[in-house]
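S.K.: Take a look at this one; I'll ask things after.
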Amino acid sequence: MFRAQSFLPVLALVLRVAAHGYVDQVTIGGQVYTGYQPYQDPYESPVPQRIERAIPGNGPVEDLTLLDIQCNGSGGSGTKPAALIASAAAGDEIAFHWTTWPSSHVGPVITYMGKVPSNTDITSYSPTGSDVIWFKIDEAGYENGKWAATDIMSAQNSTWTVTIPKALAPGQYIVRHEIIALHQAETYPGAQFYPDCFQVQVTGPGTETPTSQALVSFPGGYTPTTPGITFNVYSGSITSYPIPGPPVWTSNEAFSGGSSSSAAASSTAVASSTADSSSSAAATQSSSAAPSSSAIGTSTASSAAASGTAIVDANTCMNSA
């Protein structure tokens, strides 16, 4: 005889999985990479190599004091470096495609980058909570009655696009992209953080490294009293939202060192060839649409040879999906 009680835990799990999200695909400099698949990759043999650091699932981080707030994770230990690294030039776009995102999970979309220290390889580097390396390159919150994480991103096919600052010096960087869901953020803890981290080798003629005023650590970049961490989205009189964290950095000259603004979405709509994630993935997996290996610059290739890092093109990642 079927027992309703035995079905309830399964139903609860299904609802939990359906109610959250993560980045399942990223387009960097026009090349498409499969993100880490938390419900598939750990069970593959061999485990697929990715440019994204592993995440435990699609659930949130809620404790701002844990290392998990940095790049996701569970139990406070954070996450481990990925095996691969993508290549991009300063000024290139990065488009993050999210799995289905619930309309109730309103909030900001924020992207940071963190430079890997000299003489350190990104595939073996895990920032500590005291490493002040993270600078914000993009943010969007609430404007004209629209939330970035729901209204705006939904109109962009669940995709958010940012630009690597043109002034940025070459090197290895961790790109930290997150949504902060505010549907339970009236008190702390309550806000839900969904960070995903990707490994990128930046090339180009840029010469600038953000000054200390632009940098934060994770944990540390947000606290329970940081504006925007507690926020009542049901007040009925919202006109603006204070986005947590430092101001956006595009260059040291442009960086003002002031407080973060609740700017309109600074992302751009993804081109139709990449906005439709399913068609992009299919095109990338086909041999006829495989990206050219010439997309990896000479300087990047020589850097990879020196460090032993596996610089990959999109075809490598997509074929391991």
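Just so you know, the numbers here start at 1 and follow the chain as drawn.
Positions of Cβ are set from backbone N, Cα and C atoms, glycine also.
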S.K.: Please find, within the list 17-45, 191-219, 278-306, the residue stretch that Swiss-Prot describes as region 'Disordered'.
M.R.: 278-306
S.K.: Of Asn72, His183, Gln192, Cys197, which recorded positions are close to His105 (Cu(2+) binding site), meaning a Cα within 10 Å of its Cα?
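M.R.: So the list reads His183, Gln192.
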S.K.: Cα within 10 Å of Tyr194 (Cu(2+) binding site) is the criterion; apply it to the recorded positions Cys71, Asn72, Asn157, His183 and give the hits in sequence order.
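M.R.: So far as Cα distances go, the recorded positions lying within 10 Å of Tyr194 (Cu(2+) binding site) are Cys71, Asn72.
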S.K.: Measuring Cα to Cα, tell me the gap between Asn72 (N-linked glycosylation site) and Gln192 (O2 binding site) in whole angstrom.
M.R.: 11
S.K.: When the Cα-Cα distance from Asn157 (N-linked glycosylation site) is computed for each of the recorded positions His20, Cys71, His183, Gln192, which gives the smallest value?
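M.R.: Of all the candidates listed, His20 is nearest in space.
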